[in-house]
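S.K.: Have a look at this one.
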Amino acid sequence: MGAMIVREVYEIAEKIKSMEIRGAGKIARSVAQALMIQAEKSTAKSPEELWTELKEAAKILYKTRPTAVSLPNALRYVMHRAKIAYSSGADLETLRFTVINSAKEFIHNSEKAIERIGEIGAKRIEDGDVIMTHCHSKAAISVMKTAFDQGKDIKVIVTETRPRWQGKITAKELASYGIPVIYVVDSAARHYMKMTDKVVMGADSITANGAVINKIGTSLIALTAKEHRVWVMIAAETYKFHPETMLGQLVEIEMRDPTEVIPEEELKTWPKNIEVWNPAFDVTPPEYIDVIITEKGIIPPYAAIDILKEEFGWALKYREPWED
């Protein structure tokens, strides 16, 4: 008999796949919540049965989005603690409590990290700054909102972020706080870089050498910022650092459906020898980045390895908690 997985786990997994749940931080908090719901609603009669369910739920969630490392790092946070409890002979209710408590702890820490990044990053924003941003990052928005709330006169240039228009979400959110916003097409980034003082963007994953994997278009903005000698600041929680890259693993870049770029009905009329490629992310080399703002402080890109060793060194010693 297979593991009994609650409906909410499948629903959250599907929402992550379809990008109804989007953004690395929100994805991470959602998978932690999914494990918590599995533990809360499970009808397992033994710790062994619950542990089997948790592993199966984690596998379902793990397969949804390959690039955003926040997802497996959230799973690791909860499942590693659950595995320690299970391996130590915890009874059913103790194991259930461990999962629920660990998930709540992760979600709380994640939300606090965004606040802290805002406080730290705002110190680098000056009165009168024009800031450019790309896609939709809660951490990056926290930096800009905190600076604005401190009374700094700022204006934000928001790129549309094709093909899914996440820039619209960012523009509306910033405007709702009272921040003046200029909304531009992605290809206008270089044109408006000459009036930009700082670039503040988020990250989906950060590698051991300090490279940043983020929404497609990020690297072009960072490149043109370097050309114009404009500071590039990446705002990212430490759970977005990618532990496997310490062992040489490359980050898989997710390829999404061509119909996100060209509507399906139109695409059917196109010549068959035209391929539409739709990578969701690109890689920005560390030399295009000035600083990474984390909840632990501001670091240069080359110090990413230190964060990884401190936060995830333990993860390299074991198989994934849901694999054995």
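Yeah, the Cβs are placed from backbone N, Cα and C, and that goes for glycine too.
Pulled these from Swiss-Prot:
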- ARG22, GLY23, ALA24, GLY25, ARG65, SER137, LYS138, ALA139, ASN214, LYS215, LYS240: substrate binding site (BINDING)
- CYS135: active site, proton acceptor (ACT_SITE)
- ASP204: active site, proton donor (ACT_SITE)
S.K.: Between all pairs in ARG22, GLY23, ALA24, GLY25, ARG65, SER137, LYS138, ALA139, ASN214, LYS215, LYS240 (listed as substrate binders), what's the biggest Cα distance, rounded to the nearest Å?
M.R.: 20
S.K.: Pull out the recorded positions from the set ARG22, ALA24, ARG65, ASP204 whose C-alpha sits within 10 Å of the C-alpha of CYS135 (active site, proton acceptor).
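M.R.: So the list is empty; none.
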S.K.: In whole Å, how far is ASP204 (active site, proton donor) from LYS138 (substrate binding site) when you measure between their Cα atoms?
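M.R.: With the alpha carbons as reference points, the distance is 11 Å.
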S.K.: Which is it, of ARG22, ARG65, LYS138, LYS240: the one of these binding-site residues whose Cβ has the most other Cβ atoms within 10 Å?
M.R.: LYS240
S.K.: Which number gives the other C-beta atoms within 10 angstroms of the C-beta of the residue listed as 'active site, proton donor', all protein chains shown included?
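M.R.: Around the Cβ of the residue listed as 'active site, proton donor', 28 other Cβ atoms lie within 10 Å.
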S.K.: Around CYS135 (active site, proton acceptor), how many other C-beta atoms are within 10 angstroms of its C-beta?
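M.R.: Other Cβ atoms within 10 Å of CYS135 (active site, proton acceptor): 27.
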S.K.: Taking just the CA atoms, what is the gap between ALA24 (substrate binding site) and ASP204 (active site, proton donor) in Å?
M.R.: 5
S.K.: Across all the protein chains here, work out how many other Cβ atoms are within 10 Å of the Cβ of ASN214 (substrate binding site).
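M.R.: For ASN214 (substrate binding site), the count of other Cβ atoms within 10 Å is 30.
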